[in-house]
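Encoded as C-alpha cells, the structure appears first; notes follow it.
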Amino acid sequence: MIQRRTVGIVGTGNVGTAAAYAMFNQSLASEILLLDQDTRRAEGEAMDLMHGQQLVGGITCRAVEYAALSNAQIIVLSAGASQQSPDETRLGLLQRNAEIFREIIIQLDKHAPNAILVVATNPVDVLTYICQELSSRPNRRILGTGTLLDTARFRALLGRHYGVDPRSVHAYILGEHGDSEVPIWSNATIGGQKIRGETVLGKEWEEEAMQSIFEQARDAAYEIIDRKGHTDTAIGLVIARIVRAVLEDQQNVLPVSTRPDGAYGIDDVCLSVPCVVGLEGMEKRVDPGLSDEEREALRDSARALRDSRADLTVGT
C-alpha cells in the first residue's frame, strides 16, 4: 500500500504560509495540513492555495485541528508571538514563545508522536532546544532550520562574486542562526578548489571582500526587514528543502540545528553543524575538519546561545 505523504504546518503567518506555498508549488506531499490559533486565517490560506491546485497537480491543502495531524510524517513549527511593544525585551519575547511551544509540544506528543518536527520560529536554536527538552520523541527527530538559510545566502553571494552557479559553491555558515554564526572558510571550495588564500577563476582572495560577503549573508535579514517588514520567501524554500530531504529519505548533508552531543567540545545546546538528513530526521553528523580558530568560534557561539536562555523558564 502506498502511503500518503502528509506534511503539517503549525502557524500560518508569513513563514508558515511561504513554506506551504513552496511545498504546494513543488508538489512535495499528497496533502498539506495547516493549523493556526486563528482558524479563519488557516482556512483562508488553504482556500487560496487550493485555487491553484489545477496548476500543480493532485496535492491538497486544508485547515485542521491537532488530531488531524496524527498521520503527518513531518510537521513544521512556524508559530510564535510577535513583539508586543518596543519596550519588550528579547527575553520577554523568548519567554512567551517558549510557552507557546510548550503547549504545541503537548498537543503534538499526544496526536503525532512519531512525526519529525522542523522548528522555523526564531530564535530557532533556542526553540529547537526547548522542543527537544519538552518532547518525548528522540532528539534526532527534532530539527531546526538553523543556518541552512545563512549558508544558502553565503553560497549565492560567493557565486555572484566568482561568476558561477551557487550550486557549484561548497561553503558553510555554522553555529547560531544569528550574530555569533561562523563562516567556515577553511574548506570552502568551488569545483574542488579551495577559496581561502587562492586565486579562483581569475579572482584573488581578498580578506576584506570575503569578510564583507560573510557580513552580507549574516545581516541579510535586517536589510530585508528594513525594506519589506519581514522575511518569508527564502526561509519558505529552506523549509521545503528540509521536508523533501526527510520525505524522500535523501540523505542530504545540510547545516541544521541540533545537539552536537559533545562534537567540537559542545553539549547542552542546539546549533547548526553539517548533518545527514533523511527519513529519521538527523541521522548522522559530519565533521568538516574545522580549523582551530573555527572550532573556538563555534564554541563561542554555543556559549552565546546558552547565555541567551540562562534566565528562561519553561514549565513541563
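Including glycine, each Cβ sits where the backbone N, Cα and C put it.
Record note: Swiss-Prot gives VAL15, ASP36, ARG41, TYR66, GLY80, ALA81, ALA120, THR121, ASN122 as NAD(+)-binding, and the candidate from THR6, THR60, THR128, THR145 in that site is THR145.
Taking DSSP states H, G and I as helix and E and B as strand, the compositional bias 'Basic and acidic residues' (296-310) has 13 helix, 0 strand, 2 coil.
Of the listed binding-site residues, namely VAL15, VAL124, ALA152, the sparsest CB environment within 10 A is found at ALA152. ALA152 (substrate binding site) falls within a helical segment according to DSSP. Within 10 Å of the C-beta atom of TYR222 (phosphotyrosine) sit 10 other C-beta atoms, taking all shown protein chains into account. Nearest to ALA120 (NAD(+) binding site) in space, judged by Cα atoms and limited to the recorded positions ASP150, HIS170, HIS177, is HIS177. ALA120 (NAD(+) binding site) counts 29 other C-beta atoms within 10 Å of its own C-beta, drawing on all protein chains shown.
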